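Some notes on the structure that comes next.
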Amino acid sequence: MNLYKIHLIFKQYYIPILIALASKIVVLFGIGGLGLYLIHNRGNINIWELWNVWDAPHYLSVATFGYQKVGVEANFIIYLPLFPILIYIFKLLFQTSYLISGYIVSLLASILLAIMLYKLTVIDYSKKIALFAVLILFIFPTSFFLHIPYTESLFILLSVAAFYFAREKKYWISFIFIGLATTTKVAGLALFPAILTEILVFDRQNFHKKNLVGKLTILFLGSVISVSGFIVYLLINYVLWGNIFQFTIFQKQNWYEDFAPFGQGLVNTYQSLSWRQGLEKLTLGYAQIAAFFFALVISIYVLMKIRLSYGLFMLVNLFFYYSMSYWICMPRYILTLFPMYIALALFFKNIFFRYFWILFSVILLFIFSLIFIQYGPVL
């Protein structure tokens, strides 16, 4: 891509790009600078190291050494491979550290995400609504994950791209993006039933008897492509441990997370309110429950009022998060439910709601960012 094409892209999408860049500067350097001033128990560190906490060093470890079978690093098999692979590639391209490479991957992914979310939203709504959707994403209370070496910006980008190309009826490209998403997060598996619904419901006129075999072939091969990333991940588990589901064992042993689809996670979180104290009660208790029910209400609204496939994607993902026996990161998980930002953008037609949400969201973004720097796993 030459400089002229980059100039044209920037000229066409400069507002979404500037929103992404402005939020990145505010979060990394504004809130990060405040964090350096307030937090004194991390030693002499810089801005980049300040945000390199909790899961981030684990991704960097996989990028640096690959998956390991000994030591604490053996637990890092729970992290899917695409994000660490990209960190490794960009480290070689830019001849920089793995940490800075992680920031570069998140930077590029967040910029492309801003563009793709705008492009997807503008298919159905005005440019103003599309810009609101981008703004809401980048001021969301846990949107700081988009700017640091975490998978969120990459995963949401791949999810939005999969839907965008499905909406454009470029199904092969859509399936490829689903496959990449399933190499980034297990939640990427929720994309296939949603995209399949998009195709069967909104493109059913092309499923005539004369081309039915061809269309079914596309769907079959598309399903194979869509799950290919996750299959590769399962094979990595098998090669290393002789068990394709070894990651679930480590998840249960070290993070106390198991599949419990009948509400055990919600019950456990509610019961924990009786014994948790202080900040932990707020973040590991009330915030987890509030985030889930907020996302559930928005998901149902999206399903009924905006688009069936979008709502299905949200609900399948939300069911996956709901089915964890131990809730610890619900506010982070719901960040990936991108149709939520389109729904909230529609509510921005109400001036009072618009300014209320912006103020409310920005305040929580500052608070959650500072909490994350100090007590990351609670979000």
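Glycine residues also receive a Cβ, built from the backbone N, Cα and C atoms like all the rest.
In TrEMBL, annotation is done automatically, which means it is predicted and not curated.
Quick look at what TrEMBL annotates:
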| type | residues | note |
| --- | --- | --- |
| TRANSMEM | 13-39 | transmembrane segment |
| TRANSMEM | 76-94 | transmembrane segment |
| DOMAIN | 81-219 | domain 'Glycosyltransferase RgtA/B/C/D-like' |
| TRANSMEM | 100-118 | transmembrane segment |
| TRANSMEM | 130-151 | transmembrane segment |
| TRANSMEM | 171-196 | transmembrane segment |
| TRANSMEM | 216-236 | transmembrane segment |
| TRANSMEM | 284-303 | transmembrane segment |
| TRANSMEM | 308-324 | transmembrane segment |
| TRANSMEM | 330-348 | transmembrane segment |
| TRANSMEM | 355-375 | transmembrane segment |
**Message:** Is it true that the transmembrane segment (13-39) and the transmembrane segment (100-118) have 3 or more CB pairs under 8 Å, sequence gap of 6 or more?
**Reply:** yes
**Item:** Counts by DSSP class (helix H/G/I, strand E/B, coil) across the domain 'Glycosyltransferase RgtA/B/C/D-like' (81-219)
**Value:** 112 helix, 0 strand, 27 coil
**Prompt:** Which bits of the chain, at least 6 residues beyond where the transmembrane segment (216-236) starts or stops, bring a Cβ under 8 A of a Cβ in it?
**Reply:** 67, 77, 80-82, 171-172, 174-176, 178-184, 186, 188-189, 191-192, 195-196, 199, 244-245, 247
**Message:** Three or more CB pairs closer than 8 Å, sequence separation of 6 or more: does that hold for the transmembrane segment (130-151) against the transmembrane segment (308-324)?
**Reply:** no
**Asked** Which one, 100-118, 284-303, 330-348, has the most C-beta pairs under 8 Å toward the transmembrane segment (171-196)?
**Response** 330-348
**Request:** Give, as a single whole number between 0 and 100, the mean pLDDT over the domain 'Glycosyltransferase RgtA/B/C/D-like' (81-219).
**Result:** 94
**Fill in**
Spatial neighbours of the transmembrane segment (330-348) not adjacent in sequence (6+ beyond its ends, CB under 8 Å) are 117, 121, 125, 129-130, 132-134, 136-137, 140-143, 145-146, 152, 155-156, 159-160, 185, 187, 287-289, 291-292, 294-295, 298-299, 301-302, 305-307, 310-311, 313-314, 317-318, 321, 354, 357, 368, 379
